[in-house]
Amino acid sequence: MFGVVGCILCVVGSVGIVLHAPKEREINSVGEIWHFATQPGFIVYSCVAVVGALFLIFWAVKRSGHRKMLVYIAICSLMGSLTVISVKAVAIALKLSFSESNQFIYVQTWFFIFVVIICCLVQLNYLNKALDSFNTAVVSPVYYVMFTILTILANMIMYKDWVSQSATQIATQLCGFVTIVAGTFLLHKTNTSSTDRHAESAPTPPPPPPPPDQICVQG
């Protein structure tokens, strides 16, 4: 029952966010995305994300990465928010190159491709470490929530979509996001409880046989 309720909450929250999402800006060139990406607000966010990820990689991972799941997930989420922005730029470059003008003659396009490659490699590396060290039923919902929060934050800072929205739309999107978090939490609890029940119901393995010398003495 909790699993069904969790799925319904995730669907309702997602629908609420989509219905009240701001209208996407029409981008006609990679130069326009580069203009948004070089605004002071997004430059500050990008620097904070990169410095935070480097701090976690070179300091926090060695000290507590094997004990604290959030270290790995924070690295993946910070890099993931930059990946989403760069992937959108590369996708627009491909679309415009096939329809109107070649966008791969610009340095900005190759810069976004470079960012996508680096960020994806870092994400894959530390996400695999998180999945190897911790339970998948715990890693997946936490990563989903943190990645979504940082991605929404990066898009709000870069495109300033919140400026054109009313207070009601912003509040509705926040409520939808909280609903998704609640649904994800219920799914996580359901998976954890199911895993615990399977572990309790598993048959106890038979004790190992005694060593040969003990058999001889008893004989």
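Each Cβ is built from the backbone N, Cα and C atoms, and glycine gets one as well.
Annotation source TrEMBL lists compositional bias 'Pro residues' at 203-213. If you look up TrEMBL, you'll see 195-219 marked as region 'Disordered'. Residues annotated as transmembrane segment in TrEMBL: 40-61, 70-93, 105-126, 138-158, 170-187.
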- Which one, 40-61, 70-93, 105-126, 170-187, has the most C-beta pairs under 8 Å toward the transmembrane segment (138-158)? 70-93
- Using a Cβ-Cβ cut-off of under 8 Å, list the residues of the same chain that are 6+ residues beyond the ends of the transmembrane segment (170-187) and lie near it. 2-3, 5-17, 20-21, 141, 144-145, 148-149, 152, 162
